[in-house]
Structures are given as C-alpha cells and as structure tokens.
Amino acid sequence: MVLDGFAAYFDAYLENIVREGKSEHTVAAYRRDLEELFALLAQMPSEDAGGVPQDLSRRDFTAALRRLSQRGLDGRTLARKLSAWRQYCAWLVKRGLMRADPTADIKPPKQPERVPKALPQEWLNRMLDLPVDGGDPLAVRDHALFELMYGSGLRVSEIHGLNADDVYLDEAWVHVTGKGRKQRQVPLTGKSVEALKNYLPLRQTASDGKALFTGRNGTRLSQRQIQKRLESWAAQYGDGRHVSPHMMRHSYAGHLLQASRDIRAVQELLGHSSLSTTQIYTKLDFDHIARLYDEAHPRAKRQDE
C-alpha cells in the first residue's frame, strides 16, 4: 500500500519544516494537503499507485489532481495543493528516499488572473475620520487597529503577531514579522501614530503583556477576531459594502502605487518576495493610469490644446 511507503516520512517532514521556521498556519495547511493526497492515493487501484516512494509516477499525481478537480476545486486551490505535494517529494529526493520527483514536470492548472478589489480612498478616509469614543477602550483599540491596517498595509496574520515593543512611535515605524519569518520595517502614518498613542495607555495585558492588540481579558486578538471587528465596524458605520483585512491591504498597495509610481518600494513595504506578486496592483485602476498618461505624455495631448 502506498501509504506504507510514501507517507512513512510524513511526520519527519513536518518536524523539519517546523524547525525551518514555518508558521503554524503553513504547517497545518501542508498537513491537510498531504493527508488528502495520501487518502487519494490509497483509493487508487494497486496498479495505479506503488507501494514505496520509488513506485509512484507522474500518473499517480495527475490522477489525484483530476479527482480533486472533479470535486469542483478551482485552479488556485489545485495549484496550492500541487505545490505542497511537490515540496514533500523534493524533500524525499534530497534525502535519497525517492530517485526522482514525479511531480517535477506537472504544470499547475491555469489560473485566471484576479485583480484585487480596492476600497475607494474617499470612503476609507471618511470611515477612519469618524469620531471615536475615547471612553470606550475597545473603540479606541479598533480605531488604532484599522489605522494601522490601512496605513501600513499589514497582513492580518502580521497584525495578530505584533507585540507592543514592535512599535516605535517616536521614529514612526513598526517591526513586522511576515511570511516565512521574514523581518521588515514599515513606516507608520501620522494618523496611525496618533491612534496608537491613544490606545496604548488603555491596552489590557495578560500575564506576559506582550501582545499589541488584546481583548477584554488581556489576551492576544486572534486573526478571526480582528476580521470580525473590521466587518462589524464597516457594517455599523459604512454603506453595506463588504470589507476584509485583505481588501484593506489591497487598498494600501493600490493607493500607494498610484501616488508614488514606485513598484519596488511598494514591494518592500508589502513584504513580497517576488516583484510579480506586486505587479498585480498595477491593474487596480487603469482609468487613473490612463488619465496620468493623457496629462503627461506629449503625444497624448489634443492638437487644439
């Protein structure tokens, strides 16, 4: 049975990526994707899946992908799962437990390019400039959280992981631990500094006292709690539009890129390893870019001007 061979090193692999510093979220995702693969391979006829890692072929993995596709999974999800499988196979090959990686030449399903949704700048300014009840610690906390979310473009996981000593208000920057434990420094807006100065004296602290954003009991806000606070705020004061932490980050990236035209700087601020990841934000507002072109390019001006 393939699980006796291919899956025999599963626990050792997970222990290895934990040692490499992968986040709990990433490790859990790899675990789910690989356990799903093992289950799919176990369901295949014996002639389709071998008993030891060397017996596995490209056909086994394409068959597993095909079954997942038949369940209605989209291309992006299938590509992510294939990536997890490929990394496990590469780890086995590196340790001499497989002769070759059978996933190496499998192309991930083609994914339609998705342009991120950005919130209107005027709407965000209006929402963030709403009066804050200084006597309500949670309202003061949420205002600081939302200012930081839009003002510095942090991922919800990064905000969740912030400690109070990661924030340097006098210098107006924040120390962020991003994907893959990568460290970066991100500037704080004047509005964020002001909101954090109002919040920090009211902050509830648990025994260790490290977390920047905490609940009533002083414990660190979870990613889900942060998301729900944002949704509640938008529902209460907004116009009914859906708002998520991811949209706040997209808005930061798009608005900053429109103003600066410096894609490399935006890449650094967002913590993107690849410039191609940042380039999708160049498609956020083609009308805005077209207007800049009309105003700036000498050949774009009308003859009667």
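Placed from the backbone N, Cα and C atoms, the Cβ positions cover glycine too.
The following features are taken from Swiss-Prot:
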- 1-93: domain 'Core-binding (CB)' (DOMAIN)
- 114-294: domain 'Tyr recombinase' (DOMAIN)
- ARG155: active site (ACT_SITE)
- LYS179: active site (ACT_SITE)
- HIS246: active site (ACT_SITE)
- ARG249: active site (ACT_SITE)
- HIS272: active site (ACT_SITE)
- TYR281: active site, O-(3'-phospho-DNA)-tyrosine intermediate (ACT_SITE)
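Sequence features, as recorded in Swiss-Prot, placed on the structure.
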{"residue": "ARG155", "record": "active site", "DSSP class": "coil"}
{"residue": "LYS179", "record": "active site", "DSSP class": "helix"}
{"residue": "HIS246", "record": "active site", "DSSP class": "helix"}
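In the predicted model, residues of the domain 'Tyr recombinase' (114-294) average a pLDDT of 83. The CA atom of ARG249 (active site) is located 7 Å away from the CA atom of ARG155 (active site). Between the active-site residues ARG155, LYS179, HIS246, ARG249, ARG249 has the most other Cβ atoms inside 10 Å of its own Cβ, all protein chains included.
Helix first, then strand, then coil: DSSP counts for the domain 'Core-binding (CB)' (1-93) stand at 73 helix, 0 strand, 20 coil. Across the structure, LYS179 (active site) and ARG155 (active site) place their CA atoms 9 angstrom apart.
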